[in-house]
Amino acid sequence: MSSRGRSFLAAVLSATLVLAPPQILLAASPQPVGAQNGMVVTAHHLASEAGVEALKSGGNAIDAAVAVGYVLAVVYPVAGNIGGGGFMTIRLKDGKTAFLDFRERAPLAATKTMYLDANGDVVKGASTNGYLAVGVPGSVMGLETAREKYGTKSRAELMAPAIKLARDGFSLEQGDVASLASGFKKLSSDKAAAAIFLKPDGKPLEIADTLKQPDLATSLEAVSKDGPDAFYKGAVADKIVDASRATGGILAKQDFEQYAVRELEPVTCSYRGYQILSSPPPSSGGIIICEILNILEGYPLSYLGQSSSATVHAMVEAMRYAFADRNAALGDPDFVKNPVSTLLDKTYAKAIRDSINPYKAGKSADVTPLGLAESNETTHYSIVDKDGNAVAVTYTLNGSFGAGVVAPGTGILLNNEMDDFTSKPGVANLYGLVQGEANAIAPKKTPLSSMSPTIVTKDGKLFMVIGSPGGARIITITLEAIINVIDHGMTIQEAIDAPRFHHQWQPDRVVMEPYALSSDTLKMLAEMGHNVQLDLGWPIWGQAAGILVGGKSLSEIEQGGGARLNGAMDSRAASGAAKGY
Ligand code: DON
């Protein structure tokens, strides 16, 4: 059969689903959690509970986001943090939007070649382990900026649940134990981390053990009482700087003293009548999601069918081109001129679409960013309150448990975000990203991110809140969840749970989760020239957290009568929960 014939067959099969009378097609996924007033979806059930409590006691979505951010720092040490940084996308009930960049900055003593040896080769592990990997943390300043500008409650009230959980401890469940076990080697090799996250005999903690973090409680209490100064100008910064100096790090007190949050304009674009609101540089996330959506808008994805060879081909090719742009052109906006308007331009997307062969895989080596000169662990949470304020937060230590170091006396795990920079052009980082000069290391610069806390609206009304961890795959995880809801009619839970695939330009291959594509589809893609590989690297496939407003799925929204808020925590997440009231 010709490839045209095959696409036609796939189209006919999927059209029978698409053209059926509107109904809710339930796949093998749990139902989303429905609620009328507020919804909090996070990677830890205790954090979701703290968020719901903040909402129930009169706080808004931003208050809940602050409470959740601090609780995750206690109960979800693999990624929850005050020793890392992140992004917050906000859409207020009146439609006003905001974006807070509280990501890490490079220390003042950082240099472009700091991870290279005398031969100019990248020193393995230097940008991922220990204090040299640590960027200046932003989470405390970010959460406080959000609270002061957009919240309604006191810092003490919002931080109280986190302090209590750190001081009194919490009983470990299966997901907690699995998460700590995944970091056993890293945590064992740092004395201060081992003293907190392992048993006194050095063995892993077990289910029903209580994890108490008195030093972290003290650090959090200091912030609660004195605000960010306690972290950036006080004893916490001193202890981190001392520990860094003692082990070859370059962090200085001045790095902490001058840390500032940036409030930036979120990136926006339209997709089939929906408005996407997401992260601007120093994230690549919003721009690249929009670039891919702009390319895909020209294909009838719904008609072509979910995970058909024609749909997957179009999506993979769009990913290939957009990631080439990402890796070459984007960086911290204070340091490089990002070609934002070009990358968001629908005619630019059309030019890319025109160069995609509908029957044949492109070659990444042939894809150079058009018109542009080149000079494992994060967490996402989504919240909507009773008034319709929406918050999407992705924050991170970068790799699981970050740099694997806790500054003695602070209880704070520190990030290894410096690895997100280009250590050397052409050499892949932790997430396999091959990046260029725009993302080179410089003092005070912020490494390019893929984090994409995203809010979608339709006709001026809140539609969806979505995001995920997953390194470079954050972009395609978020994208696929959006497409699964808008083009394929899935419930928010199905859209998040559906097996995923990903292409990031280099390496030139499509990776897929088990069961993402049928063997028929795989065969067709192989015939088109795609190199598709099964990837079992589970944590990297992310843990999306989403909320859909007005129904479980597009068809329920269109029919009316659905729950106001429909929360879905990724079924891949071991300890997460959507909780509403
Ligand atoms: O900002 C970024 O793009 C990365 N530091 C995110 C890392 C991540 O998602 C790890 N999670 N699996």
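Backbone N, Cα and C atoms are what each Cβ position is placed from, and that goes for glycine too.
Residues or ranges marked as signal peptide in TrEMBL: 1-27. Summarising the annotation, TrEMBL assigns L-glutamate binding site to R103, T396, L397, N398, D420, S449, S450, G471. Annotation comment: TrEMBL describes T378 as active site, nucleophile.
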Inset, instruction - Quick one: of the binding-site residues L397, N398, D420, S449, S450, flag those whose CB is under 6 Å from ligand 1, and say none if nothing qualifies. - result: N398, D420, S449, S450
Legend entry - Close in space, distant in sequence - T378 (active site, nucleophile), Cβ under 8 Å, 6 or more apart: A79, G86, T394, Y395, T396, L397, N398, M451, P469, G470, G471, I474
Inset, instruction - Tell me the Cβ neighbour count for R103 (L-glutamate binding site), meaning other Cβ atoms within 10 Å of its Cβ, over all protein chains shown. - result: 32
Inset, instruction - List the residues of the same chain that sit at least 6 positions away from D420 (L-glutamate binding site) in sequence and have their Cβ under 8 Å from its Cβ, in sequence order, or write 'none'. - result: N398, N429, N439, P447, L448, S449
Inset, instruction - Give the sequence-ordered set of same-chain residues, not counting R103, T396, L397, N398, D420, S449, S450, G471, with Cβ within 8 Å of the centre of the Cβ atoms defining the L-glutamate site. - result: T378, E417, P447, M451
Inset, instruction - Rounded to whole angstrom, what's the largest C-alpha distance between any two of R103, T396, L397, N398, D420, S449, S450, G471, listed as binding L-glutamate? - result: 15
Inset, instruction - Let me know the most crowded of the binding-site residues, choosing from N398, S449 and counting other Cβ atoms within 10 Å. - result: N398
Inset, instruction - Based on DSSP, name the secondary structure state of G471 (L-glutamate binding site): helix, strand or coil. - result: helix
